[in-house]
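**Q** This structure is in structure tokens; I'll ask about it shortly.
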Amino acid sequence: MDSDDLQVFQNELICCICVNYFIDPVTIDCGHSFCRPCLCLCSEEGRAPMRCPSCRKTSEKPNFNTNLVLKKLSSLARQTRPQNINSSDNICVLHEETKELFCEADKRLLCGPCSESPEHMAHSHSPIGWAAEECREKLIKEMDYLWEINQETRNNLNQETSTFHSLKDYVSVRKRIITIQYQKMPIFLDEEEQRHLQALEREAEELFQQLQDSQVRMTQHLERMKDMYRELWETCHMPDVVLLQDVRNVSARTDLAQMQKPQPVNPELTSWCITGVLDMLNNFRVDSALSTEMIPCYISLSEDVRYVIFGDDHLSAPTDPQGVDSFAVWGAQAFTSGKHYWEVDVTLSSNWILGVCRDSRTADANFVIDSDERFFLISSKRSNHYSLSTNSPPLIQYVQRPLGRVGVFLDYDNGSVSFFDVSKGSLIYGFPPSSFSSPLRPFFCFGCT
């Protein structure tokens, strides 16, 4: 191959973004290839849809596999390029020979005689070009790890922003349902109601401040990590000799990034005891509200419900039936009028759905959340995160998840369904009044989300 052909061949191994030999090359949908780090840095923080820096075509696929052929050829091209290793800084003072070897143990450049000395002869030594490529591989892994932290932090920041706005809406809703519940009480509790509303306002303001502070910390952390990522990217493109002398503190930096990663706020409001509420509810108590017959139930969550429960991860959240892990218990009777109260023990399950729904027990086993005239409180656990929510419309409940018995109160004539934490004597949530048009039956499903 003559020099012109060689130059053409080498040009095919150069990334058009950094104008260096490829580092961890990927080939995107349009056929153009780039260093993965270059693509991450210039593709709007790595979020899809991404546009090709060369032809501007949209690429739907967010992640690409490494082009192993390009990677190998680029590595060989780097190792065969001229190395400026004869500078005075790279001449051994003791033996006056060029340092052409790298000591893996001491992370130092050595000349031949030094590598055979008693101090180094038991260590592993590599040619500088080969050692530099090994070092770049380690740097790429560190960069991948750093980018994962970056993406996780960015997702947390987006979720934190969403939580801030949804919490504001929730606090407004909670004020209304607290006021409505006190209006239903047979005794005047004006002072207690005002105390609860004022306490709710104080707690909410504290949580809003925590969320705002968290957003600032995450934004600052993203900037630091982007700078660190760019620094590692620049280190990868250093000449071999400079690279090997500069790489000692890489792992310490990425470990520090993980340790300093801000954790998202998990906002939780106090649900205060309402004096006499359980005594009032027990006047309408229904014994054996639920049947003793358990039926395998195939639960599907509508997309808006999954989004509320799982946030930005809702597309990967479960939608399909969970098979025999899910069982439903229907009410022993359907209600068409009056007030009715019953309790269900949820102590033994983290995943459950509780409430009332249109009388459709004879329908097939497929059950979709959310549909008309289905009023549910939903508890779910994914990884180590617990979520409490309601449907119709989907709404996260920013109160502590009940761990014992949950009370359900149906006021059919006034079109309302409410949930209570029995151990606290507190209101969890009350659906806004509506008009029921069909019989409603108690429903409980566990192990279903």
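Going from the start of the chain as shown, residues are counted 1 onward.
Here the Cβ of each residue, glycine as well, is placed from N, Cα and C on the backbone.
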**Q** With Swiss-Prot as the source, which of 87-128, 381-422 is set down as zinc finger?
**A** 87-128
**Q** I want to check the contact list for C92 (Zn(2+) binding site): same chain, sequence separation of six or more, C-beta distance under 8 angstroms. What comes out?
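**A** Sequence-distant Cβ neighbours: T98, K99, L110, C111, P113, C114.
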**Q** Under the DSSP assignment, what numbers of helix, strand and coil residues are found in the zinc finger (15-56)?
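**A** Split into helix, strand and coil, the zinc finger (15-56) gives 7 helix, 9 strand, 26 coil.
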**Q** Who are the chain neighbours of the coiled coil (189-225) in space, where the CB to CB distance is under 8 Å and they lie at least 6 residues beyond its ends?
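**A** Counting only partners 6 or more residues beyond its ends, the coiled coil (189-225) has Cβ contacts under 8 Å with 146, 149-150, 153-154, 156-157, 160-161, 163-164, 167-168, 171, 174-175, 178-179, 182, 257, 260-262, 264-265, 267, 269-270, 272, 274-276.
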**Q** Counting by DSSP secondary structure, give me helix, strand and coil numbers for the zinc finger (87-128).
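**A** In the zinc finger (87-128), the DSSP-based counts are 8 helix, 11 strand, 23 coil.
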